[in-house]
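S.K.: One structure is given below, represented as structure tokens, and several questions about it will come after.
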Amino acid sequence: MPPRICALCKEARAVMKRPKTGQIVCRACFFWVLEEEVHQTIVSHGLFHPGERVAIAASGGKDSTVLAHMMKTLNERHNYGLELSLLSVDEGISGYRDDSLETVKRNQQQYDLPLKIVSYSELYGWSMDEIVKEVGRKNNCTCTFCGVFRRQALDRGAVMLDVQHIVTGHNADDVAETVLMNVLRGDVARLGRSTDISTANEGDSMVKRSKPFKYTYEKEIVMYAYFKKLDYFSTECTYSPAAYRGHARTFLKDLESIRPSAIIDIIHSGEALTIREDVKMPTLQVCDRCGYMSSGPLCKACVLLEGLNRGLPK
Amino acid sequence: MSNTEGNLGAGEDRLRRRREPGICVKCRTEKACAYVREAGYCQPCFIHQMTGKVRTHLTRTPLPGDIREVRGKCRVLLAFSGGPSSRVLLDMVAHYTGEHVNQQARRFGEISVVHVDESILEEDENASCSTLRHDIQNVVDSYGMRLSVVALPSAFSTTDDPDGRRGFEKCRQSYSSNGSKSSEEDLVRQIKMHLLRQVALEQGATILLTGDSATRTAIHTLLEITQGRGYTLPFLVGPTSTTGYPDVVVWRPLRDCLAKEMDQYIAFQELQVPKNTEKKEDKSEPTTLYGMTQSFIVGLDEGFPATASTVARTAAKLRVAPEALESSDERISRCVICDLPVQGGSQGWRDRCAILGRSTKADDREKGCGDSSKDAGCCGGSGDSGCNGDRPSNQGTSSSLPMALCYGCRVAASADKGKKEDVERDTPLLWPRYAQHALDQQTKDAKVEGLREQIQDFLLEDEEDQ
């Protein structure tokens, strides 16, 4: 059987099939097309402006490692003129985050980017291990604490780094999964903005966040990391539970197995979904205690923190 | 009242009583025999709450302006598959809007029933067809309504192929060679809706009632999202698709009732159901998007009983994009398959998200590389090194498909190539006759418009005469 030829360059021998399109491509074309798609996403959405200081949210996992690599590559190739840095959050999960942070530190050397690590202990006086000890591991509450605190921690880290823009490694699978989750939970407030590529600067402490991998399939990110031999950490969080989100994730994977374009089709749908004007939506307020954006007098982080400090949430 | 009860708040008290095992949550005296989202009802209370929901829909949903004017006279067509949902709908409609309802309270004029004969999709076509038709006729006759039956392949009928069977089979084959079973299912759904609307049009009906339950609405919501039809989702799963189709209002009065409630209602009312709609696919692993979505929603609803109704209610909160609304002075572009508005720029979006081509050096030499595409990296990119051949090209994306398709129908027509060896192996698609006709008409209109543009400067406006 003759070697199969790359569907993109029509010259080299194809070595893989793209999960997103099903095309058989050579290694060089795979790198090119993935980088080009991310570049097209950045350019068509006008994500950056020259001279902007941008922090890459780095966990040491595959998505953020590939993001760091690609941001550096594209910044140099297309002269975005960005001042890049790495920003990590140390949640204080022994056996997981301590190891992944070692990867981030190696990435800092490899990509020659400044790194800032902010820790939950330092910001909130509680590490995740301590929180879990206090509240237990029932239901999904561990992830609630971690998610709420991480969002604020990234913003606070960005202020420390003096950047107004954070890029995160959320990929197409994450975005599609969020669309499905919000439909399943009936969360119309989030549904309307679940496919936004950037969050606008709102409130006093808000830092702009963008997802350059919004249209990039998770499998292709893994393939990119694998073929580029990138140094990343691939262990699941020790507190990762079988949450409700897991159902949406499994469903999405099943859909993808039947129709590979389902992920991108869900994002296309999500972008077109708009909520009726007469539907009651939460209004954006500012937390009385910390000044962070909130939907009530106190932000979620302050409510959780208050409960922790009073020893209430069991 | 005991001390403990006295300390309970009103809400907690209500909840406690609501959860009292075995007792109806409504009358609080009878034994519960039907459970809806963990709330138990006795038979009369169950029927009362269910009919109440449907009656509210049927009698209070605002009618569109032009239909409101002919209140009590507008003709209604009820889509009856013979399954449990449409069976309940038929019963409810007959009871709450039929001729026996007093003149002032009546919203509808004549109500007739249509059944789309899908027996061509069955393995044992003849046997299933005759039995089902007979049972359906009996049920409809029992309400004294008129029944029309239209066969699925009739969308393909021509003079050479009067019943359209050959055309239908060819079309299915062309879809399965390009797409998959999911694409075929989607095509069948679109053809069914077209046929229902066609019958409505022929009979002068302005309202089409369908028996979409909350469960089916939830399944369809997720399914259409999965197929990229977010733009037209409010038309497809909303309570009424007032402005979705140009000729008929699709109304879904059962969208607040779960499929389980339908079964319960049928059992309590001892209704004859002609068709058991339980899919054979349920027994094995689902292999289509619909089967997958159905199994997901039904499965999730067992663990989280509010899932289907939450999804259905969320879908009802969606708004149609203003540009998708047709006004009297501005026509919008419609998909030739589903006849719903086409979202502008969706093909460009897709090409940007998934680059399928790369201009090679050979291509550049051939073209003389003088073209500067705006988004591309070659000769027009931001800071690229010039004509190195590294630029995206949309060759081979979906060139064989006409632009007159919406995103969802386009995906269905070309989907699942990702699972095939070679994405460029396109088999020409065969269309239903109505779609081909619409496509020809659009092409003709575009030609006329093009000619008109050329002579525009020489045409006199009416005002110039005055």
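Every residue gets a Cβ built from N, Cα and C, even glycine.
The ATP binding site feature in TrEMBL is assigned to A:Ala57, A:Ala58, A:Ser59, A:Asp63, A:Val89, A:Gly169, A:Asp174. The feature domain 'tRNA(Ile)-lysidine/2-thiocytidine synthase N-terminal' is assigned by TrEMBL to A:54-239. The domain 'Cytoplasmic tRNA 2-thiolation protein 1 C-terminal' annotation in TrEMBL covers A:286-314.
Walk me through the surroundings of each of these features.
M.R.: A strand conformation is recorded for A:Val89 (ATP binding site) in the three-state DSSP classification.
If one looks beyond the domain 'Cytoplasmic tRNA 2-thiolation protein 1 C-terminal' (A:286-314) by at least 6 residues along the same chain, the residues whose Cβ comes under 8 Å of a Cβ in the stretch are 124-126, 131, 134-136, 141, 144-145, 148-149, 151-152, 155, 202-206.
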S.K.: Using only the residues recorded as binding ATP (A:Ala57, A:Ala58, A:Ser59, A:Asp63, A:Val89, A:Gly169, A:Asp174), report the maximum Cα-Cα distance in Å, whole number please.
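M.R.: It comes out at 20 Å between the most distant Cα atoms.
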S.K.: For A:Val89 (ATP binding site), which residues of its chain lie six or more apart in sequence with Cβ-Cβ distance below 8 Å?
M.R.: A:Ala57, A:Ser59, A:Ile117, A:Val118, A:Ser119, A:Tyr120, A:Arg150, A:Ala153, A:Leu154, A:Gly157
S.K.: Between the binding-site residues A:Asp63, A:Asp174, whose Cβ has more other Cβ atoms within 10 Å than any of the rest?
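M.R.: Checking each of A:Asp63, A:Asp174, the winner is A:Asp63.
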S.K.: By Cβ count within 10 Å, point out the most packed of the binding-site residues listed: A:Ala57, A:Ala58.
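M.R.: Neighbour-count leader: A:Ala58.
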S.K.: Which of the three DSSP states, helix, strand or coil, fits A:Ala58 (ATP binding site)?
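M.R.: In three-state terms, A:Ala58 (ATP binding site) counts as coil.
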